[in-house]
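Student: First the structure, which I've put down as structure tokens, then a few questions once you've had a look.
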Amino acid sequence: MTIALGKFTKDEKDLFDIMDDWLRRDRFVFVGWSGLLLFPCAYFALGGWFTGTTFVTSWYTHGLASSYLEGCNFLTAAVSTPANSLAHSLLLLWGPEAQGDFTRWCQLGGLWTFVALHGAFALIGFMLRQFEIARSVQLRPYNAIAFSGPIAVFVSVFLIYPLGQSGWFFAPSFGVAAIFRFILFFQGFHNWTLNPFHMMGVAGVLGAALLCAIHGATVENTLFEDGDGANTFRAFNPTQAEETYSMVTANRFWSQIFGVAFSNKRWLHFFMLFVPVTGLWMSALGVVGLALNLRAYDFVSQEIRAAEDPEFETFYTKNILLNEGIRAWMAAQDQPHENLIFPEEVLPRGNAL
């Protein structure tokens, strides 16, 4: 029996091969198969955001002005979430709410669902782009894995959280001041800053910033002075084969500073990857918990003692009072459709009053 070894070659290219050749061609801006998802979705998400912040009011959904046309600036303009009465409707332009009327669609908050969904798929497309290019140039896919952190946060905050609540209304609107309002809402209604998942997220993000600063400074401190140039940027050939800084010197330095130091570059750089990505993922998991209205830490014994003893107060009990204030003041302002009216006696006051 004869076994023929060799690569099977087709006589003529089919449509897939033709598209593959064109999409993955070496050009100034790589397109790739991921580009079929990334570029249209990113274009529509950004275009929808610029359109909404420029022209579209939030009067019908939040009772607010939210566009440049109404007098907002870059910090106060936003693409606002749909009204609470629309629940979790996808708000398709041709759906039963807008019925093909573009103006009405914008008034109802259709641009928010448009931007949120296209934005989510654009982020996923960008991660797939990193996978695709890494595979093409034979790199490992850790860039794409790292980018899963921001995707997890976006999806949990903008999609999963409102899905767990009564509607898209409770998601963040796409704007700077709108995000700040959402943060205050999270604190007042969920005590988010005392949530351990938020603590891990803060530790991850700030820890990553510290690691970046330390790493950059250490590399700059231990550069080999073997170039002719006068400064860092002129002294080295970008194609040189040898390393540009001394890991041994850096190790000795930090061993003296802390008593411990990274002994190899692989562990060092993996740690720099692990800290922020894990922090972002933990924060995203915490937001999923909030979508289900899971409580954070409750130190009930301190609350009971503070209620019984006017002279006993902790930073925790002070924060609980602040949260009650946020809820009492924000609920009426933020959910005008509920017609909430709080009598004076239920508004929170300090223990001393």
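Cβ coordinates are placed from backbone N, Cα and C, and glycine is handled just like the others.
Dumping what Swiss-Prot says about this protein:
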- H118: chlorophyll a ChlzD2 binding site (BINDING)
- Q130, N143: pheophytin a binding site (BINDING)
- H198: chlorophyll a PD2 binding site (BINDING)
- H215, F262: plastoquinone binding site (BINDING)
- H215, H269: Fe cation binding site (BINDING)
- T2: phosphothreonine (MOD_RES)
- T2: N-acetylthreonine (MOD_RES)
- 41-61: transmembrane segment (TRANSMEM)
- 125-141: transmembrane segment (TRANSMEM)
- 153-166: transmembrane segment (TRANSMEM)
- 208-228: transmembrane segment (TRANSMEM)
- 279-295: transmembrane segment (TRANSMEM)
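What's the neighbourhood like for each of these?
Tutor: Residues within less than 8 Å, Cβ to Cβ, of H118 (chlorophyll a ChlzD2 binding site) and separated from it by at least 6 positions along the same chain comprise C41, A42, F44, A45, G48.
Cβ neighbours within 10 Å of Q130 (pheophytin a binding site), excluding its own Cβ and spanning all shown chains: 18.
The secondary structure of H198 (chlorophyll a PD2 binding site), as reduced to three states from DSSP, is helical.
Around F262 (plastoquinone binding site), a 10 Å sphere centred on its CB holds 19 further CB atoms from the protein chains shown.
Taking Cβ-Cβ distances under 8 Å and a sequence separation of 6 or more, the neighbours of H215 (plastoquinone binding site) in its chain are L268, M272.
Sequence-distant contacts of the transmembrane segment (41-61) (same chain, six or more residues past either end, CB-CB distance under 8 Å): 67-70, 72, 77-83, 106-109, 111-112, 114-115, 118-119, 121-122, 125-126, 169, 173-175.
Residues 81, 84, 87-88, 116, 119-120, 123, 172, 280, 283-285, 287-288, 290-293 of the same chain, all 6+ positions outside the transmembrane segment (153-166), place their C-beta atoms under 8 angstroms from a C-beta of that stretch.
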Student: Give me the Cα-Cα distance between H198 (chlorophyll a PD2 binding site) and N143 (pheophytin a binding site), rounded to a whole Å.
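Tutor: Counting only the Cα atoms, the answer is 24 Å.
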Student: Just to verify: the residue among H198, H269 with the fewest other Cβ atoms within 10 Å, which of the binding-site residues is it?
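Tutor: Across H198, H269, these binding-site residues, the one with fewest Cβ atoms within 10 Å is H269.
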Student: Taking just the CA atoms, what is the gap between Q130 (pheophytin a binding site) and H269 (Fe cation binding site) in Å?
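Tutor: So the Cα of H269 (Fe cation binding site) lies 18 Å away from that of Q130 (pheophytin a binding site).
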Student: Three states by DSSP: which one describes F262 (plastoquinone binding site)?
Tutor: coil
Student: Hey, how far is H269 (Fe cation binding site) from N143 (pheophytin a binding site), Cα to Cα, in Å?
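Tutor: Pair distance, Cα basis, whole Å: 12 Å.
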